């Protein structure tokens, strides 16, 4: 059976956890706080709400060998974030840049499928992971380190150790740009990366629909509180063009992400239509940015805007 290669740090953590003795705790809630409207007794005062710490004991540092690091984020899943990450990274490489792509979606890594890559990465004599290479860029993913047919059922400590190894123990060589594909949401992974790694810019991906835009605001709030520059928004699935009659249908609404970007003083890096070719090429392991299709132009535009803002 195939195992995972995050050997030393995570096995030590498992050993520590296995030695812990079970404890029994009784939790009591104040009757005054519990009601039919608020059965959990959650404080309603904004002053008591948890806040993202603005300062940490550790200053964010660049990843060794990497000149610029950007993250691709979506506070909501299913908006095509990984597709944007992959094709933007490939379009940056087409500009002559040395590019790496790091998939830090611990529980749902999809980058290996989109690149048609499998197997386990080799390791250096120093014990660092060597990224796989395809289409001219370096690729590392949690998907290379675990059994692809089994769920990653880890809790906080193991997730933290896995994330630390992906951030610290990969030998990238020398890169002009590292693109990080973040998991959806605004949880521990995003916060840890924002507070420990020097991020030169963030791309936020959204569809035009209102449900996705609500989460965009949460993502923007996270980056503002961690002092991370947002390079702009990508409006994905902006329109569907019928392949038979060329009729345009705005399935998810019209320019919702564009309007949200303008209201927050942000630019729009690009609009990507809902195109079956983009999906099918990703499933085949040959993304449109390298397959030569007309769809590549959308990601080339995004890459142009990113490179201009990064100064690379």
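Note: Cβ is positioned from N, Cα and C throughout, glycine not excepted.
Note that the structure is predicted; figures quoted are calculated from it, not measured.
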Swiss-Prot tags one of 32-59, 60-87 as region 'Disordered' - which one? 32-59
Quiz question: given the binding-site residues 77, 78, 80, which has the greatest number of C-beta atoms lying within 10 angstroms of its own C-beta? 80
So which of the binding-site residues is most packed in, judged by how many other Cβ atoms lie within 10 Å of its Cβ, out of 76, 81? 81
Count the other Cβ atoms sitting within 10 Å of the Cβ of residue 79 (ATP binding site), across every protein chain shown. 26
Using Cβ-Cβ distances, find the residues under 8 Å from residue 75 (ATP binding site) that belong to the same chain and are at least 6 apart in sequence, listing them in sequence order. 184, 185, 186, 204, 215, 216, 218, 219, 222
